[in-house]
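K.L.:
Here you go, one structure.
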Amino acid sequence: MENLKKMAGIKAAEFVKDGMVVGLGTGSTAYYFVEEIGRRIKEEGLQIIAVTTSSVTTKQAEGLNIPLKSIDQVDFVDVTVDGADEVDSQFNGIKGGGGALLMEKVVATPSKEYIWVVDESKLVEKLGAFKLPVEVVQYGAEQVFRRFERAGYKPSFREKDGQRFVTDMQNFIIDLALDVIENPIAFGQELDHVVGVVEHGLFNQMVDKVIVAGRDGVQISTSKKGK
């Protein structure tokens, strides 16, 4: 599995050219993309500026001497490469298993090209088997939790080391065990209207390309948006 992730990450790095502003994703597959960018800077003299999607990726990039700017210091991002936890046939996805969904969506939005790197196990017919992360402000989080409970969404606060997990933006995450999401676009809109919700892990029709590593090698699928 790790080898598949590495293949996808290295393939994605081919889309990065000199002079670009590059969004560095977060997660186990995006990790290999960041490593490959670091190698190209060191060995090939690749010249880019990068923006990161989490404190974890920032630390990795700094260790590789990748030049960084904050998202507010750039007007746009040429290409962002990130992982995904699930991807359906309509190019909708669930992200946020690593807890970085808010920053990931903030960086993805001004990106001219948005690419996901996944192994074939992440491809699904319908989203929902992977718990859907919802980032909520700490104030009133229990109110939001109870609202989700009443709706039958089987919520649970994400924890780390026996404490509630706190994101880089100092918010909590409520994971929803939905099993299947019949209409990701409508459900995303519903969550957008819940007071106290900062962001959710549904990335609907945002991605341009999905790079999939599997037993038959690396395949690249392009969405309608990316054509």
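Using N, Cα and C of the backbone, Cβ positions are placed for all residues, glycine too.
Grabbed the feature section from Swiss-Prot, which reads as follows:
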- T26, G27, S28, T29, D82, G83, A84, D85, K95, G96, G97, G98, K122: substrate binding site (BINDING)
- E104: active site, proton acceptor (ACT_SITE)
K.L.:
Between T26 (substrate binding site) and the residue listed as 'active site, proton acceptor', how many Å separate their Cα atoms?
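P.N.:
About 8 Å separates the two Cα atoms.
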K.L.:
Provide the three-state secondary structure of S28 (substrate binding site) computed with DSSP.
P.N.:
coil
K.L.:
Reported as an integer number of Å, what is the Cα distance between S28 (substrate binding site) and E104 (active site, proton acceptor)?
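P.N.:
With distance taken Cα to Cα, E104 (active site, proton acceptor) is 14 Å from S28 (substrate binding site).
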K.L.:
Can you tell me how far the Cα of D82 (substrate binding site) sits from the Cα of the residue listed as 'active site, proton acceptor', in Å?
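P.N.:
A Cα-Cα distance of 8 Å.
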K.L.:
Output, ordered by sequence, the same-chain residues six or more apart from G97 (substrate binding site) with a CB under 8 Å from its CB, or 'none'.
P.N.:
G27, D85, F130, P133
K.L.:
Could you check the binding-site residues K95, K122 and say which one's CB has the most other CB atoms within 10 Å?
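P.N.:
Compared across K95, K122, the most Cβ atoms within 10 Å surround K95.
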K.L.:
Quick check for the class: what is the C-alpha distance, in angstrom and rounded, between E104 (active site, proton acceptor) and A84 (substrate binding site)?
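P.N.:
Answer for this pair: 11 Å between alpha carbons.
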K.L.:
With the cut-off set at 10 Å between Cβ atoms, which of these binding-site residues ends up with the most neighbours? Options: T26, S28.
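P.N.:
The largest 10 Å Cβ neighbour count belongs to T26.
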